[in-house]
Amino acid sequence: KSAAXVTLDLFGDWRAKRHDNAQLLTGINLNGQTLGIAFMSKXSVGLIQDYXKSYLLVASVMAHELGHNLGMEHDDGNCICPAKCIDNKPLRTDIVSPAVCGNYFVELTPGSQCADGVCCDQCRKAGVTVAPDLCFDYNQLGTEDKFTHSPDDPDYGMVDLGTKCADGKVCNSNRQCVDVNTAY
């Protein structure tokens, strides 16, 4: 058994009769690419590596593992996103939620940014340009995360593809600041 599987077993034994669900955050490296592991049937426990500077990335892994604890599996090629798929966008009539914008979904095009409000994710002030070394490919979670380094700079968190990084330039999939006409 791997160190992650042994730790998960021991944690599951500890909490077996004490809680409905438990998630253990650890600073220990979980076997290279493993950022989290959870049982889908045995005991409702998860083990999550606190691996990043951003609590949002760690929270995302924890939510993923909690989904496994609740019996959810990964979507596969056969899933065409009916209601049972995790990637399915819920209809406004199917959920209870606060007020939303537009057609109820955030659908920003590459390079789009919002300023604030309930439709904003990773909010930035309008017209803000990030430093070229902050380009970050959201699809590369778990690799070298780039964040602002100076305490004088605002914290932009992750900077996704298409974010303006200089005049006429945007972040591309190689985390480089390139001419907007050659980025895609």
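Counting starts with 1 at the first residue shown.
Keep in mind that glycine also has a Cβ here, set from the backbone N, Cα and C atoms.
Just so it is clear, the model here is predicted, and its values are computed rather than measured.
Look at Swiss-Prot and you will find 1-90 tagged as domain 'Peptidase M12B', backed by sequence analysis.
Secondary structure at Asp20 (Ca(2+) 1 binding site), as computed by DSSP, is coil. If you look up Swiss-Prot, you'll see Asp20, Asn88 marked as Ca(2+) 1 binding site.
Positions annotated as Zn(2+) binding site by Swiss-Prot, on the basis of similarity to another entry: His64, His68, His74. Its own atom aside, the Cβ of His68 (Zn(2+) binding site) has 18 Cβ atoms within 10 angstroms in the protein chains shown.
Residues or ranges marked as active site in Swiss-Prot: Glu65. Counting every protein chain shown, 21 other Cβ atoms lie within 10 Å of the Cβ of Glu65 (active site).
Positions annotated as domain 'Disintegrin' by Swiss-Prot, on the basis of sequence analysis: 98-124.
Residues or ranges marked as Ca(2+) 2 binding site in Swiss-Prot: Val100, Asn103, Phe105, Glu107.
Annotation source Swiss-Prot lists disulfide bond at Cys114-Cys120 (among others), citing similarity to another entry.
Look at Swiss-Prot and you will find Cys165-Cys177 (among others) tagged as disulfide bond. According to DSSP, Cys165 (disulfide bond) sits within a strand segment.
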Which residue, of the binding-site residues His64, His74, has its CB surrounded by the fewest other CB atoms within 10 A? His74
Specify the secondary structure state of Glu65 (active site) as given by DSSP, simplified to three classes. helix
Of the recorded positions listed as Asp20, Cys165, Cys177, the one whose CA lies nearest the CA of His64 (Zn(2+) binding site): Asp20
Round to the nearest Å and give the CA-to-CA distance linking His68 (Zn(2+) binding site) with Asp20 (Ca(2+) 1 binding site). 14
For Cys177 (disulfide bond), the three-state class that DSSP assigns: strand
